[in-house]
Amino acid sequence: MDIIFYHPTFDTSYWIKALSEAIPGARVREWKRGDNEHADYALVWHPPVEMLQGRDLKAVFALGAGVDSILSKLKAHPEMLPEHIPLFRLEDTGMGQQMQEYAVSQVLHWFRRFDDYQALKQQSHWEPLADYQREDFTVGLLGAGVLGSKVAEALAPWGFPLRCWSRTRKEYPGVESFAGAEELPAFLKGTRVLINLLPNTAETVGIINHDLLNQLADQSYVMNLARGVHLVEADLLKALDSGKLKGAMLDVYSREPLPVESPLWAHPRVAMTPHIAAVTRPAEAVDYITRTIGLLEQGKPATGQVDRQRGY
Ligand SMILES: NC(=O)C1=CN([C@@H]2O[C@H](COP(=O)(O)OP(=O)(O)OC[C@H]3O[C@@H](n4cnc5c(N)ncnc54)[C@H](O)[C@@H]3O)[C@@H](O)[C@H]2O)C=CC1
Ligand SMILES: O=C(O)C(=O)CO
């Protein structure tokens, strides 16, 4: 079995060694320009068109959870990957735990008013503030798939009212489920902390805009952990400045790296990280890919296949 690998920033030698050891009989090589030799599987992130085009592959694996960049490339170059070749993405593979850490720590930060205490510290001002009440701190997850469900699971023991919004209804213990566009207003009403874990699709671009933010509880918080294009940054800044929103925690941006001139950098109530909420954990990803290739080789169904029409 021949496997080609391409990632613009990963330690390719680690992956080649780990995959070669994990998959019996696999010959794994780094794909380089001009390589048209046979391959059964391709493991990719931001692949050049010529890497995949014209190959009779059994499957392609995206080396991340979000497949928006490869799907948008496919729109421009459908010849890169004919419909009959399945595209898989990484499901969790260690990202669930990272999202749990990120979301729980930030929700608790806001709930215990550490943002306010930091602001008071700037003024050398000593003042114990009134506690927030759990029942006023409803956490709403936009997107309740692999990562959203893990975040809900980690938040559950903290006792905040939890709800999620997704395409189809979910049955997660202790989580109120809202489904479809018609239930979005009910989901937003009363949500105090909004955590975005939607995929980037034609339907979700710009979803966190003025209209949506206005429907949240007053003095609410927004955490964007999915993609920058979900959030209309100018609307977020307006909502913060009007007092509708109390704070935002952003991991992803409309442009990455975020340009130095972005007003987000200087805003006192915007906390930021540089797209690190959850990164691909190589060992877990190799396990998942090994398992999935094993199932495909036996003609058995495997999870993680991207629905190209749906866009995620
Ligand atoms: N910031 C970071 O470091 C990372 C960000 N991500 C982002 O997180 C996203 C989510 O990842 P997973 O949970 O693995 O995806 P998933 O496919 O398992 O879950 C997606 C969820 O969104 C919902 N959804 C999709 N379209 C919808 C619509 N139009 N209306 C209502 N609900 C809709 C689905 O029903 C599902 O609940 C990825 O697509 C990626 O963009 C993923 C990993 C790391
Ligand atoms: O896996 C993804 O989609 C990511 O955003 C990784 O950072």
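Every residue gets a Cβ built from N, Cα and C, even glycine.
Please treat TrEMBL annotations as automatic predictions, because they have not gone through curation.
Worth saying up front: this structure is predicted, and the values here are computed from it rather than measured.
Residues or ranges marked as domain 'D-isomer specific 2-hydroxyacid dehydrogenase NAD-binding' by TrEMBL: 105-277. Positions annotated as active site by TrEMBL: R227. Taken from TrEMBL, the feature active site, proton donor applies to H275.
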- prompt: Between H275 (active site, proton donor) and R227 (active site), how far is it from one CA atom to the other, in Å?
  reply: 9
Field: Chain-internal residues, separated by at least six, CB under 8 A from R227 (active site)
entry: G66, D68, L198, P199, N200, V252
- line: Counting every protein chain shown, other Cβ atoms within 10 Å of the Cβ of the residue listed as 'active site, proton donor' number 17
